[in-house]
Amino acid sequence: MNPYILATLLFGLGLGTTITFASSHWLLAWMGLEINTLAILPLMARHHHPRAVEATTKYFLTQATAAATILFASTTNAWLTGQWDILQMAHPIPTNMVLLSLALKIGLAPMHSWLPEVLQGLDLTTGLILSTWQKLAPFALLLQIQPNTSILIFLGLTSTLVGGWGGLNQTQLRKILAYSSIAHLGWMLLILQFAPSLTLLALLMYIIMTSSLFLIFKLNQATNINTLATSWAKSPMLASIAPLLLLSLGGLPPLSGFMPKWLILQELTKQDLPLAATFAALTALLSLYFYLRLSYTMALTLSPNSPTGTTPWRLPHLQTTMPMTIFTALSLFMLPLTPATIVLLTF
Amino acid sequence: MTPVHFTFSSTFILGLTGLAFHRTHLLSALLCLEGMMLSLFVALSLWSLQFNVTNFSAAPMLLLAFSACEAGAGLALLVATARTHGTDHLQSLSLLQC
C-alpha cells in the first residue's frame, strides 16, 4: 500500500477515536465512530483476497448498523428530553438502545457472531488494531452513559460463557483470539455499573496481553495450532515465554492477568452478587482450557519434524521486537503493581 | 410521542427490520442502511424546527455527508464482493464460517 494512503488511514483511525473521546455531543461522538469505521475498511481489504473482502463486508454491515442505531437512540433521546449531551441520558429506552448497539459494535455475546469471522479474514496486524484500538471509542461511550440495568449483567455473563464455549472447538488462532476477546469484554461489562475504574483496568490489561500475543503470533507467522508446534524452532525463547503469556490471559495468579479478574470477583462479592461471580469464575475455566491447549502445543509437544523445518532460527527476524518485549514484560510481571494501578485509575 | 416522532421512529425500525431479516442481496442491505440514514436526516432536521434551535441546522447536512461516505464505501464493497465471489448474494459470503 502507498505510504501516503497508509498514513492518511492511520491518521483517520487516531482522529476518529480522539473525536469520540473528546466529544460531549452525541452527533460528534457518532461522527468519530464513523470516521473510525471508514478508516479501517481499506486497511482490512488491503489484500484483494476473497476472505479479506468478505470480512470487510461483514464488518462494514455490523458497524454501520450499530452506528445508525446509536444515532437513532440519541435522536430519540433528544426528541424526548431535548438534550444531546452524552452524560445526560436520562430516559431508559434510549439508554438501553445505546447499550445494545455499543454491544453490537464491540461484539458482546448475543451480538457476537460477526467477530470471529471478521478476525479470521484479516492479517494479524489489522486484527491487532481491530481487537485493541477499535474497542477504545465504544468503551469511552459506555463509560460515559453509565447504564444501570440488569441487561449489563446478562450481557456480561453470556459473553463470558459464549467466549469460553465457542473457543473450545477451534483450531484457528485468530478465532480463538476473537473468542478470548468476547470473554474478556464480558468481564468488563459485568463490573461496569459497580466500579467503572475496574472496567478501565480490565480493558487496559486485555489490550496489553492481547497485543503481545498478536505480535508473537505475527513473529512466528502462525495462524493455526499446527504452526505453533514448530515455533520453538523459530525462536526458542519466545516459545518458552508464550505459554506464560497465554496463562496470564487465562488469569492465573502469579501473572498480571490475574489482577483484573481478582478485583472484579472481589467487587462483585462486595455488591452481594455471589452467584454472578461464581458463574463468571466457572466460565473462565472454559477459556482456560483452550489457552492451556495452545500452551501445550507450543511448549510441551515435540512433533516429528524434518531437518529443514527445524532450522528457521538461523534466519534473522525483520520485525521490530521492542513493542512485543514491552507488552510481554507488562503482561507477565504487573501483579505486584496492583495497588499503584488501582490508585492511578480511581483518581 | 408526537406524530412526527412516531413517523421517523417507525421508518427507522422498518429499515432496521429489513436489514436484519431480509438477507438475500447485499444491495438491498445497503438500501436498508440508506433508508435508516434518511429517516435520521428527517428526524434531525425536524428536531431543529420543533425546538427552534437554529444552531443545530448544520447537523443534518453533516449527517448526510457522512451517510454518503458510508454508502460509497458500501458500494465499493459491493463491487469488491461481486469481483471475488461472483455474486452479491449474502448466502455466498460463507468462506469464513468453520
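Here the Cβ of each residue, glycine as well, is placed from N, Cα and C on the backbone.
Residues or ranges marked as domain 'NADH:quinone oxidoreductase/Mrp antiporter transmembrane' by TrEMBL: A:23-286.
Residues annotated as transmembrane segment in TrEMBL: A:57-80 (among others).
Within its own chain, the transmembrane segment (A:86-104) is flanked in space by residues 23-26, 29, 62, 65-67, 69-70, 72-74, 76-77, 80, 110-111, 138, 141-142, 144-147, 149, 151-152, 155, 189, which lie at least six positions past its ends and keep a Cβ under 8 Å from the stretch. The transmembrane segment annotation in TrEMBL covers A:86-104 (among others).
Summarising the annotation, TrEMBL assigns transmembrane segment to A:151-169 (among others).
Residues 103, 106-109, 112, 115-116, 118-120, 127, 131, 135, 139, 142-143, 146-149, 152-153, 155-164, 166-167, 170, 202-203, 206, 210, 213-214, 249, 260-261, 264, 267-268, 271, 276, 280, 283-284, 287, 290-291, 294 of the same chain lie 6 or more positions beyond the ends of the transmembrane segment (A:176-194) yet place their CB under 8 Å from a CB of it. The transmembrane segment annotation in TrEMBL covers A:176-194 (among others).
According to TrEMBL, the transmembrane segment annotation covers A:200-217 (among others).
With a cut-off of 8 Å between Cβ atoms, the residues of this chain six or more beyond the transmembrane segment (A:237-255) that come close are 180, 209-210, 212-213, 216, 219-220, 231, 261, 284, 287-288, 291-292, 294-295, 298-299, 328, 331-332, 335. The annotation transmembrane segment is assigned in TrEMBL to A:237-255 (among others).
Annotation source TrEMBL lists transmembrane segment at A:275-292 (among others).
For A:288-341, the entry in TrEMBL reads domain 'NADH dehydrogenase subunit 2 C-terminal'.
Here TrEMBL flags A:324-345 (among others) as transmembrane segment.
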Same-chain residues near the transmembrane segment (A:200-217), Cβ under 8 Å, at least 6 residues beyond its ends: 124-125, 127-128, 131-132, 135-136, 139, 143, 173, 177, 180-181, 184-185, 187-188, 191, 223, 238, 241-242, 245-246, 248-249, 256-257, 259-260, 263-264, 319, 323-324, 327-328, 330-331, 334, 341-342, 345
Distant-in-sequence neighbours of the transmembrane segment (A:324-345), which means Cβ under 8 A and at least six residues beyond its ends: 197-198, 200-201, 205, 208-209, 211-212, 215-216, 219, 241, 244-245, 248-249, 253-259, 263
Beyond the flanks of the transmembrane segment (A:151-169) by 6 or more, those residues with Cβ under 8 Å of it: 96, 99-100, 103, 108-110, 112, 116, 175-176, 179-193, 273, 276, 279-280, 283-287, 289-290
Folded-back contacts onto the transmembrane segment (A:275-292), same chain, C-beta under 8 angstroms, at least six residues removed: 153, 156-157, 160-161, 163-165, 167-168, 170, 176, 179-180, 183, 186-187, 190, 246-247, 249-252, 261, 264-265, 268-269
